[in-house]
Amino acid sequence: MFNEKDQLAVDTLRALSIDTIEKANSGHPGLPMGAAPMAYTLWTRHLNFNPQSKDYFNRDRFVLSAGHGSALLYSLLHVSGSLELEELKQFRQWGSKTPGHPEYRHTDGVEVTTGPLGQGFSMSVGLALAEDHLAGKFNKEGYNVVDHYTYVLASDGDLMEGISHEAASFAGHNKLSKLVVLYDSNDISLDGELNKAFSENTKARFEAYGWNYLLVKDGNDLEEIDKAITTAKSQEGPTIIEVKTTIGFGSPNKAGTNGVHGAPLGEDERKLTFENYGLDPEKRFNVSEEVYEIFQNTMLKRANEDESQWNSLLEKYAETYPELAEEFKLAISGKLPKNYKDELPRFEFGHNGASRADSGTVIQAISKTVPSFFGGSADLAGSNKSNVNDATDYSSETPEGKNVWFGVREFAMGAAVNGMAAHGGLHPYGATFFVFSDYLKPALRLSSIMGLNATFIFTHDSIAVGEDGPTHEPIEQLAGLRAIPNMNVIRPADGNETRVAWEVALESESTPTSLVLTRQNLPVLDVPEDVVEEGVRKGAYTVYGSEETPEFLLLASGSEVSLAVEAAKDLEKQGKSVRVVSMPNWNAFEQQSEEYKESVIPSSVTKRVAIEMASPLGWHKYVGTAGKVIAIDGFGASAPGDLVVEKYGFTKENILNQVMSL
């Protein structure tokens, strides 16, 4: 039963949120004021989560998908003991732990970075997917070592975003029963009344996806909210609870209007609102001891007991299933097996293979040595070569399966991979054609912001795709991905560079990786293994030519490296001194010392030609004003791939002509 103390706690959360925003003179008070009752009920009655014990693996995950309501989350984190009151007073200020939108690894208790609407909802699907897979893999009768819920607080905006449709469809199809979404349904958007833009039947929509739908008609009714969450936890499949709320509840002049969505109340309205709550407007950032005690005696007590029981269970699990327990402990540590690289393939000089196919060979080896390896493709597994051949598919019936069928849902796949990476216990990946990286670009950006160990496989990387034509031939995508800070964009030149690229991807604890791979075959370069290993990790290195300062530099990535080597050999026959540099990862190269960069691309050599079947954007930094770039300024064409490549000037003869014209 709920009582007056509970109502005091709810109103305290509202007041804290208001004061946090007023102090900053910036923020979104409407959602915290309307959604405080559902958040309070969830945290005090259901959530197994202690923000002071952030490394407890079996905790419930809470995601504020409506990240603009961050003041509510920070208020909850404060009353539950993990965020100092002073941090609320520094909301949205430089160096504070309370940024405008919640940030992963910045504030304890924040599971994923949210703000771009729809992505929190969709990353939550990834969190629930990770829980389901790990539970299927590790749980044994009487030993549910992975057993937690993912709770989401989502807004109208989240559900309008296209990604929510993709993610909800995937979650329903896979019966992710541990996913519970609380939908703050307040009928107001930033611009005004919601019905001017959004009138769909939420119940019919989600039931069509295979979700359970529950309705709480009064968002201030704590008992009904509690019952709905309890019901959701007992049902098969994911559940959405539509909670009808009033945005800015308690504000006499702004409640129920868009005026309270994204701007502070103002001092006069704050005073009237506090009086409506029965609180003293003269007291700012005020929390009574009894409110702290409620969270101490409910949420924190429950979470501590749950963690203690789990630790005891894990000890017994280790006694009964020692090998499985060791694998589980390694997985949740996020570390790789010490000798995981030993079984990775080495490709001999003379081997000819598409880097997507060589990647597929590497994937088979990784799956045997890295048990936490898990992912799939957006309906292109056969083309991406991304499936584990001897593994079962992931499904609601076989959650332990390794191959995820994401379907044609690229954006949701990207967000789900991010969610799995944030969850822990997995080294996740997703795959599609490179040209469709645009469909998940916002997820790639968020992955980089969060600093996740996530891998994205992009195949069919150039105009060499051929017959499918310009809609399927990437041009600007490479430059676009390279522009994302903290993103490893690796375009390997052969099978061995591909192997090392995968090593980088798996080992990059705080940087996501995009692997950009070919459809067409590439010859293995005649380069020693240790040189390739170091060179790919450093982003660029010499693969052919003079160790002394050369007359000419040929710079390239991916499939164009072997073409550059062919041209270099002809130049040498003409008595020219030339060096070929493979540049698979610009991001890594830029992090090297000036001494190393100078050793690879000597500043004294001004006769430089860069070769890449993509936009020239970015290459002029490396070729300088005296150099040339053989690239593509327009779109591709539909014809056999070899012919398209020739017509666009990616031939040995054109390279020689460009070099000799310098």
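Using the three backbone atoms N, Cα and C, a Cβ is placed for every residue, glycine included.
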Further binder of substrate named by Swiss-Prot next to HIS28, ARG356, SER383, HIS460, ASP468, ARG519, taken from the candidates HIS106, HIS261, HIS620: HIS261
Per Swiss-Prot, HIS68, GLY115, PRO116, LEU117, GLY157, HIS261, PHE436 bind thiamine diphosphate; matching candidate in ASN48, ASN186, ASN286: ASN186
Candidates ASP156, ASP158, ASP218, the one Swiss-Prot lists with ASN186, ILE188 as binding Mg(2+): ASP156
Chain-mates of ASP156, ASN186, ILE188 with C-beta within 8 Å of site centroid, Mg(2+): SER155, ASP184, SER185, ASP187, SER189, LEU194, THR245, ILE247, HIS261
Distance, GLU410 (active site, proton donor) to ARG519 (substrate binding site) (CA atoms, angstrom): 19
All-chain count of other Cβ atoms within 10 Å of PHE436 (thiamine diphosphate binding site): 19
Those binding-site residues, out of HIS68, ASN186, PHE436, that come within 10 angstroms of GLU410 (active site, proton donor) at the Cα: PHE436
Number of Cβ atoms other than its own within 10 Å, given for HIS28 (substrate binding site): 26
Assigned conformation of HIS68 (thiamine diphosphate binding site) - DSSP reduced to three states: helix
HIS28, ARG356, SER383, HIS460, ASP468 screened against ASN186 (thiamine diphosphate binding site), Cα within 10 Å - retained binding-site residues: none
Rounded distance in angstrom between the Cα atoms of HIS261 (substrate binding site) and GLY157 (thiamine diphosphate binding site): 12
